[in-house]
Every structure is written in structure tokens, then in C-alpha cells.
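K.L.:
One structure, pasted below without further comment.
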Amino acid sequence: MTPEEQAPGREALRGARRVVVKIGSALLTNDGRGLDEPAIGGWVDQIAALHRRGMEVVLVSSGAVAAGMVRLGWQARPSAVHELQAAAAVGQNGLTECYEGHFARHGLLTAQVLLTHDDLSNRKRYLNARSALRTLVDLRVVPVVNENDTVVTDEIRFGDNDTLGALVANLLEADALVILTDQEGLFDADPRHDPHARLIPEGRADDPALAAMAGGGGTLGRGGMTTKVRAARLAARSGAVTAIASGRQPDVLTRLAAGERLGTLLRPERAPMAARKRWLAGQLQVRGSLTLDAGAVKVLKSRGSSLLPVGVKALSGDFVRGDMVLCVDEQGQRVAKGLTNYGADEARRILGKPSHQIEALLGYMEAPELIHRDNLVVL
Ligand SMILES: Nc1ncnc2c1ncn2[C@@H]1O[C@H](COP(=O)(O)OP(=O)(O)O)[C@@H](O)[C@H]1O
Ligand SMILES: N[C@@H](CCC(=O)OP(=O)(O)O)C(=O)O
């Protein structure tokens, strides 16, 4: 059997028990004309149908800023953070009200869950968010998740909801992430600019060739296909398949759940990572970077070893013990990410040195490794 045959494909969607559905801004707001209520009603009807069949669905919905702009009568998306925050606060109200009303037609309760990057990067808050979401799902409530745009600033925002959708899929170990957008799926070029662009029906979530075809978004959406392909790679870490499809296709969700070949399906190729490693991999903020020699790159990749100072050639950034740092090879390619046992000043003094010299060099030894393998994830 080839790896392609072994990997979960369309049947993973058919048999999915838990699914995260992400609906993008471009689609939700009918290209900027305010919330597309009839369309939202249609997606809710499909989710309710899946729910009745026993499927657990978590919704990740964008649209707060775009809906707020329309309510406030603003023509153009503001660039000032405080205005974006205000628009999100006004628009999120409308979103919640809209979903609540439509799900109520089916006798289903919804729950508004607003998350920030900090909620998922701080381990304690991550575990809290996980148990709250799990409880809601167990109670058969449909969580409606968005980024808490009103309190985030540029440095700490996910920005696009594709990434948030993937992290929620990881958090709940969902079987599938379905990304509904305004295109039929991933094309080999941006169909907005290339009329000859062709749809890619299936691929590997971590295929770099697909990432290269994906471009940025329209005026309303944030990340375009770039963040959708990256989200598929993130979702694959917990074994989820990702479908990217047009929310304008009639019955798109129920047809996907029936295993129909719609849109683009991106399959996970590697075995799912343990939960803690996934949490590490999902961290977006890194404080510094370490350049590894070829020997260190090899043992990290082939044996999952810890990173010792002896294998590090250079470092950059201003990090402290416990911060996330990126490990790159001598060509600058990303190799791994992990939580460092030493701050930048100490690490600089022990670079390239065997671990038995650490105590003599620093006057103490926190640990023999710069990054322990439990705190390291190979990318
Ligand atoms: N290779 C590609 N295939 C399909 N769409 C692409 C591609 N590259 C860029 N895009 C753009 O990505 C847009 C969808 O992303 P985005 O605007 O962020 O929407 P959303 O709000 O649904 O996330 C499409 O309208 C399209 O113009
Ligand atoms: N959190 C933002 C959504 C960000 C956004 O537009 O994301 P996306 O739909 O992925 O392009 C909002 O509700 O306006």
C-alpha cells in the first residue's frame, strides 16, 4: 500500500465524529455588504442536520470587523487598531445574534467563545480553553469561536481565522477541519487573477508545492490561501484532514460529510503528534533563533534527540529561559522549535561547548541540554 492509500482521505470526512467548520469573512459578509443572513441560515441548517446525525460541530466564524463596519456605516476597513477593535465589538454582537437565532430554529444552543493568542500559548489557559470547549461539545451546544479582536493588538493577533480554526481542531482533536471560503478550493494560481487557474482536488497538507501556489486574500479576507494551506498543515498535526471548499455550493457541508469530491482535500501524511508537541508546534511567537550544525540537525530529525549547546553555532534574539526559540540549519531552513533552558546571554556563553563545561562557564548548570526533547518539536 502506498502512503497515499493509507492516508485518510474523503472517507475521513464521511466518518468524521467531530468537525471544525471555519467560515471566512469574504463569504459571510457577501463581499462587504453586511452579514449575509440567508447564507448563514443555510450553513446553520446543514450544521444542524449533521448534528442530528450525531456529529459534533464547532464553528469558527469570522465577520465581526466586516459586520461592524457596515453597522457603523464605514465604507473602508479602518487601519487604526482602536477603530478595528470598535468595529469588531459592534459586529460580534450582530454575529452572535444571527447564529443564535438560526440555531434556535433547530432547537440548538450556541455559545460565544472569543479567544486570543495568549489563551492558547499559555499552557494553563490552553488547558482551560480545551476543557471549556470539550464541555460545551459534550452538552451538545454549538460553540461559535472567533478571535477576541476587541482586546488584541497587532503583535499578538492570529489575524486570520484559518490559523485559529486549525488550533481549535488541534485542541479538540477533531477529525476534520472544513474551511468555507469564496472560491471552489485551492487552485494552482489565484483564480481572481488567472482565468486559467485549475482546482487542486487533493493533496498532502505539508506539500511545499501547494504552499507555493497559494496567494494572499481579497480585500475583506485576511490570509487568502496561504493561511488556509498553513492551517491544513497545523490541523494535520493532530491527524485532521482539511477540506477547503466554496460556501456558495448548495449543501456543501452535508455533501462533504457524505464523502463527495468537492473543493480541495488536504491529507495528513505523518502520524499525529502528541498533544504537548502540538501545543508547542502551534505557538506562533518565537523570541529568538539558534543556528544548528549539520550533526545537530541530523540527530534532532532522525532520533528526536534533545538539543545540546555543542550543536549550536550562532544565535539571535533576546530571549529568556522558557521562551520559544526557532532552530534553523546553516542555510536558514526551519528545523525545529522549542522552549529554551537558558536565556540568550547564558546560551551565547555555552554555544558550541560540551555540556560538562556548562557549570564552569556559567557557575551553575540548569540542565545539560539547551532544549530538552520533551520541549522540542521538529517542523
Ligand atoms: N491558489 C489560490 N487558489 C484559490 N484562491 C486563492 C489562491 N491564491 C490566493 N487566493 C485568494 O484567496 C481568497 C480567499 O481567501 P480570503 O480572502 O482570506 O477569504 P476568507 O475570508 O474566506 O478567509 C480568494 O478569494 C482568492 O482570491
Ligand atoms: N476575527 C476577524 C476575522 C479575521 C478574518 O477576516 O479572517 P479570515 O476569514 O480568515 O480571512 C473578524 O471577525 O472580523
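Each residue, glycine too, has its Cβ placed from N, Cα and C.
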K.L.:
Out of K22, K353, which is the one TrEMBL records at the ATP site of T181, D182?
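P.N.:
Candidate in the recorded ATP site: K22.
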K.L.:
Which binding-site residues of S62, D149, N161, T181 contact ligand 2 in the sense of C-beta under 6 Å?
P.N.:
S62, D149, N161
K.L.:
What number of additional C-beta atoms lies within 10 angstroms of the C-beta atom of D182 (ATP binding site)?
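P.N.:
Looking across every protein chain shown, the total is 20.
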K.L.:
With the Cβ atom as the reference point and anything under 6 Å counting, tell me which of the binding-site residues (K22, D149, N161, T181, D182) are near ligand 1.
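P.N.:
Listed by sequence, the hits are T181, D182.
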K.L.:
Under DSSP, is N161 (substrate binding site) part of a helix or a strand, or is it coil?
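P.N.:
The residue in question, N161 (substrate binding site), is helix (DSSP, three-state).
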K.L.:
About how far apart, in whole Å, are the alpha carbons (Cα) of N161 (substrate binding site) and K22 (ATP binding site)?
P.N.:
7
